[in-house]
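To keep things clear, I will list the structure first and then write my remarks on it.
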């Protein structure tokens, strides 16, 4: 359509020139040829075989984010034939050639920044012009870095095992929105930092479950897409978690009465022994308070007799008859006596001569 229109304009101009020429002029044909060769109105306009159009990559249709120091290398393909003219602008102004370089090819244009800085952020526009036609594409570039630290942090209150903190936002957010704050604690003894809250969006918080008897310091980092701030302010005061004074009131209770009159749980057993061989008699008694143990032979007290040795320990009573003779045979009695009563057990001992 564009080619046909251009040819029609050229034919019409040529007819107008021929009609205006005088046939009687001696130099008519020569002058006409000169006019045809030299008149600007007779020059044919270049034909547009392909309209200009920019094929913007999908990734660049939203804000293109890079970190400070990274390389920006954008290739933007376009169409247009013959080769169109390409013009780049940054925020409506020409590019700074000391920082940004552009390479234009037959079918694409490359925008290159070796080390991006925050000042390189903004709106970049590519304009492709061909004849009276043009196509434009806009690319938003955002160069970001780590945020600065919060300006201050203050320990507001300490109660029980809890501490209240407040801080102010950082002055520099790194050229992008903050994702939140990271709160950490460290006890005075170990000095190790542990994270309490991550990506916390408020500028005040309550730290709970602190250990009684410890003293804690706190610090806060700011965070954005690049990560945590390089430094963090630390509370000037320590949070001392005091042990609450507890008053114990003893409950009254009835003391159990364990008093008991003597009672033999294991009686004496009758035995037969041989003359000259030591013999022992055993029995068990239970009583509270501790009873007095008395040994009798044929109802005669044996206390103080060196031939016999009486022992009593943990309720076990024993009587040793040293080298018995036939005279030592008889009825032996063990008697237990305390304030609540008394009890006794008997056994018969026979002493035989050896065969």
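Cβ from N, Cα, C; glycine included.
39 is the residue among 39, 325 that Swiss-Prot describes as phosphoserine. Ranking the disulfide-bonded residues 283, 334 by the number of CB atoms within 10 A of their own CB puts 334 at the top. Summarised as a single figure, the pLDDT of the domain 'Ig-like C2-type 2' (262-346) averages 92. Taking the C-alpha positions, the distance from residue 283 (disulfide bond) to residue 322 (omega-N-methylarginine) comes to 18 Å.
Residue 334 (disulfide bond) is 17 Å away from residue 322 (omega-N-methylarginine) when you measure Cα to Cα.
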